[in-house]
Amino acid sequence: MRLGPRPAALGLLLLCAAAAGAGDAEELHYPQGEHRSDYDREALLGGQEEVDEYVKLTPEEQHKRLKSIIKKIDLDSDGFLTESELSSWIQMSFKHYAMQEAKQQFVEYDKNGDGSVSWDEYNIQMYDRVIDFDENTALDDAEEESFRQLHLKDKKRFEKANQDSGPGLNLEEFIAFEHPEEVDYMTEFVIQEALEEHDKNGDGFVSLEEFLGDYRRDPTANEDPEWILVEKDRFLNDYDKDTDGRLDPQELLSWVVPNNQGIAQEEALHLIDEMDLNSDRKLSDAEILEHQDLFLTSEATDYGRQLHDEYFYHDEL
């Protein structure tokens, strides 16, 4: 069976895409090192459509909804927003919209509307047809074999997410499949899958060499290329928390399924740096309202989208 090039196969790289996501967000937020204020607005509001909708609100309604959001971010109700409170709120916002997206996808994948997504339905949505590979037979074509391996990994994750062993995934199981980082029972599976792929010597850890994969320095080059230097820095400073030169299973998890903590903390610090007028490293209502446009162009309000989502500004949240 010859599949040919299939860009959709990239959809199988859920974990790898998640790992790359933080880097992509950084590049979008600070292209060439310059801060994009419109990135903040899009993160808070969700995109140009939400920005346009936000503009239609009266100033009074904007002010009312924003103050309601500020009150909810202020977990200790002391009248100030700290880095920790902002970071926690942004992470909660990320998770909320990820879950909303998964719920929308569930409806799209559930072709027969029976309340579950079967493996066949998943294939039809992803590839417009059902794909079935022999688990024990490698393909001669390198590209097709790579796709086969990814497809089989996807199937294993699908089966792991299916806790009740039914014919398909219910909504909760589908969320576990799409977002294993959010579901405890998927953690061990994700770690073992990563070890199978990267732990070449079978010692239960991933060394720097294993982390870099098949890379070998060009003997004619004086130094490693920039991307290798970046990856080495991430290994040493972001993932190898105990600085023992290798990633244990928990450190490995932070690499293959990163959460949004780092992005959220970065945005929280950015907001405080830009809006903290008296240098007390926290934000008062007055400081936020003084910089309302900045706050509404940041991830703290999902680029303003929260002003249109009652989940965030409604008093009973």
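Using N, Cα and C of the backbone, Cβ positions are placed for all residues, glycine too.
Residues or ranges marked as domain 'EF-hand' in TrEMBL: 61-96, 97-132, 186-221, 233-262. The signal peptide annotation in TrEMBL covers 1-25.
Ranked by Cβ pairs under 8 Å to the domain 'EF-hand' (233-262), the stretches 61-96, 97-132, 186-221 are led by 186-221. Confidence annotation: the domain 'EF-hand' (97-132) carries a mean pLDDT of 92 in the model.
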